[in-house]
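Asks: If you scroll down you'll find the structure; I have some questions about it.
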Amino acid sequence: MSLPPSSSYVCDTLPAPRLVHDPPPAIVAPVVDDDPEPKPTPYSFQQPPHRKLCVRHQRMADEGTNLKLQQSLDALPLEEREAVNAVWSNFSSSSHPRRALILQGLLTMCCFSQLSLLTEHLSHLIRIDPFAVLPREISLKILGYLDATSLCRAAQVTKRWKNLADDNLVWRSICEQHIGQKCHKCGWGLPILEKKRAYRPKSRSPCPSPGPSSSLKRSAADVDCPDAPPVKRQRSGTASSDELQPNDESLSSTLLAPDPSASIPPSITRPWKDVYSERMTIERNWRRNRYTVRTLKGHTDGVMCLQFNETLAHPAFPVLITGSYDRTVRVWNMETGDELQCMKGHTRAIRALQFDEAKLITGSMDCSIKVWDWRRGKCIRTLNGHSEGVVCLNFDDNVLASGSVDATIKVWNLRTGGAFTLRGHSDWVNAVQLWDSNPGVRSSYSDQSIFDVPGSSSPRCTSASQIDPGKMLFSASDDGTIKLWDLTLRTCVRQFTGHGAQVQTIRLLLADECDEENVESKQDNSKQSLTTGASADSNALVPERKKPILISGSLDNTIKMWDIETAKPMKTYFGHIEGVWSVACDKMRLVSGSHDRTIKVWARDKESCTNTLVGHEAAVSCIWLGEDKIVSGSDDCSIKIWSFGG
């Protein structure tokens, strides 16, 4: 049925309330007779046609608005009901232009009291709930443009809004924008929390998660006089000590040894909103400097190196390993603070260590490197090659590098047992860091390490040409320089100069951990060759792709961030009043430990200090950064765990 041009109805409005005395339409049942032909029944009941209602009248029907109006009308006298009903009927049967004219006339007749009544009712009537009208898919698309705070507020409106605002798809998108990186809109980033993502059953099979070592050098006077300026520690004072086993070997072996018979139950998923909320609490604690501190005591001399791992499948608790000037290596349960192992064997101070799921490697001032089964507390073998004390070390799946007081770097091939020496520094080598610049190229040799085969002989100084192409090494020294070595060519290909004193520590921020702005700033320089004066084939060692960032700490009281392409410092962090012994970093922040007894937390992109942690009574000699905690070791013989977890 077409309407005249003057009347363009948007919807068929609800019928006006009828008068109570109006007779209802008669319903006459058809008479059944023998006549096969049906006879028309003029008073028979017919189903009313379907009414097309707009959004507002659909809501009125749902809320029972017309029923309430009918009750008010029934309370009036008969004459008034007829008059009101006539007005409503005329307005309902009018076209939209005529309705507009009637309303304009009514508004001119209204006093302020009636206008006030209209305003009160219109403020509610003109509101439309979009999520009550739109399909769910479109509603979720709209909510996807909101931030987390707005989503939480939207969830408090109605049950329908809460159901939409808590949808997993919406919160998954929020998590993808923030977890592990900084959001471009709000500038916030959230920790990944690998220990929360990975299922940690009470299985005894290890989970591979090797990490870099923590190493540095300090003065001899620091123990007796903590306020003394940082100078080189004396190289004398050796003490003989037999290799001993832990006192409670059976207990520690039960806690740490893997059990292949354990089964892994199915994993359990959680709502993405809970995942975001948990990580937001930790990041907010970082920003507001909210933390708790626990102190682990057991060493009898300064703690010089440490590392912890929270993602091991077994044991189910996070493991911390520390090395000290008391010539011992201790294994700790980070959750309870209990000491699980005390490994002895070195005859002088332990200056560097690194462990993975299977082995622990330590470097000592007794000129040796020892490989341990840290789960059972047993020394597997000893490597000798340096003529003076070992100050630092770092290993990956097939290469071990160590730096020494003798100003040399020893590179051990874990596949073949070969080793060679790099010379170029003129003073102590304080830190080494391996870097695989071309991870796509692998050697055809087996990845099996000689350390994984009990009873094999120590590495011999033979050919080490089987090192994967593109394997590089950073080294920092007391001569104030940082060098980049090509382990395939066995030459120094770049030198970083800028520090005004001894460089004590370096850390490599890998490409996937760098901010996008830092990566973009280096794309213009990606065509520059890594090796100057080398053959054209050497350019293939560093393809045109994202490059990591090098961070260093020095006794000139500063921390520098370097562009490895240009060997120029990108940023310099000022704040410590004495030398920096150790630095650590991740995607979100940078932390440093200093001789001034403080730990500073830095905003990596702003070169500003966000927090200063005070608690140690002597120089902070080593530090390790987790997603929700900092672990530090000091000359005061203590280890502190600064936890920012919720």
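Keep in mind that glycine also has a Cβ here, set from the backbone N, Cα and C atoms.
Copied straight from TrEMBL:
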type: DOMAIN; residues: 128-174; note: domain 'F-box'
type: REGION; residues: 200-269; note: region 'Disordered'
type: COMPBIAS; residues: 236-255; note: compositional bias 'Polar residues'
type: COMPBIAS; residues: 257-267; note: compositional bias 'Low complexity'
type: REPEAT; residues: 296-342; note: repeat 'WD'
type: REPEAT; residues: 343-382; note: repeat 'WD'
type: REPEAT; residues: 383-422; note: repeat 'WD'
type: REPEAT; residues: 470-495; note: repeat 'WD'
type: REGION; residues: 519-538; note: region 'Disordered'
type: COMPBIAS; residues: 526-538; note: compositional bias 'Polar residues'
type: REPEAT; residues: 550-572; note: repeat 'WD'
type: REPEAT; residues: 573-612; note: repeat 'WD'
type: REPEAT; residues: 613-646; note: repeat 'WD'
Asks: Given the cut-off of 8 Å on Cβ pairs that are 6 or more apart in sequence, determine whether the repeat 'WD' (383-422) and the repeat 'WD' (296-342) share at least 3 such pairs.
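Replies: Taking Cβ pairs at least 6 residues apart, the repeat 'WD' (296-342) and the repeat 'WD' (383-422) are not in contact, as fewer than 3 fall under 8 Å.
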Asks: How about the repeat 'WD' (613-646) with the repeat 'WD' (296-342) - do they touch, taking at least 3 C-beta pairs under 8 Å (6 or more apart in sequence) as contact?
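Replies: Contact confirmed: at least 3 Cβ pairs fall under 8 Å.
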Asks: Quick one: average pLDDT across the repeat 'WD' (613-646), no decimals.
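Replies: A mean pLDDT of 94 is what the predicted model shows over the repeat 'WD' (613-646).
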